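Take a look at the following structure, please.
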Amino acid sequence: WGATVITNLMSAIPWIGQDIVEFIWGGFSVNNATLNRFFALHFLLPFVLAALALMHLIAMHDTVGSGNPLGISGNYDRLPFAPYFIFKDLVTIFIFFIVLSIFVFFMPNALGDSENYVMANPMQTPPAIVPEWYLLPFYAILRSI
């Protein structure tokens, strides 16, 4: 459903819609390769968002600083970022990555779903992502464009 909706939505853009669809999916049809690309895209998006958040933090703290949002030149308006908080945050991140590594390396399927091993089938919507009945008219309108 998601790949079909995105495909139809992108193809509705005048002049460049077909090119966008072919760029995203490699073609207009929704088949096994398309669904695998869709799943891979959804795997990568959280990392892209994390990178954008990190870039935002770096840019925010680089010149003006979070304690000086107006850009006032005097240092008396800035609040120093205490080294204690940096150390505390680093310890927390370190512990988080240790726990995450235990799950990833020793129990990789503990937090997974058995449906992850089912081959993608474009003709059958998995029960977990069947759209709600009240969204079906909007999908029908979108498909008719």
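Glycine is no exception: its Cβ is also placed from the backbone N, Cα and C atoms.
Residues or ranges marked as heme b b562 binding site in Swiss-Prot: His42. For His56, the entry in Swiss-Prot reads heme b b566 binding site. Annotation source Swiss-Prot lists ubiquinone binding site at His61, citing similarity to another entry. Per Swiss-Prot, the feature transmembrane segment maps to 38-58, 85-105.
Give me the lay of the land around each of these features.
Under the DSSP three-state reduction, His42 (heme b b562 binding site) is assigned to helix.
In this chain, no residue six or more apart from His56 (heme b b566 binding site) has a CB-CB distance below 8 Å.
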Using a Cβ-Cβ cut-off of under 8 Å, list the residues of the same chain that are 6+ residues beyond the ends of the transmembrane segment (85-105) and lie near it.
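Apart from its flanks, the transmembrane segment (85-105) reaches 111.
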Other than its own, how many Cβ atoms are within 10 Å of the Cβ belonging to His42 (heme b b562 binding site)?
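His42 (heme b b562 binding site) is surrounded by 10 other Cβ atoms within 10 Å.
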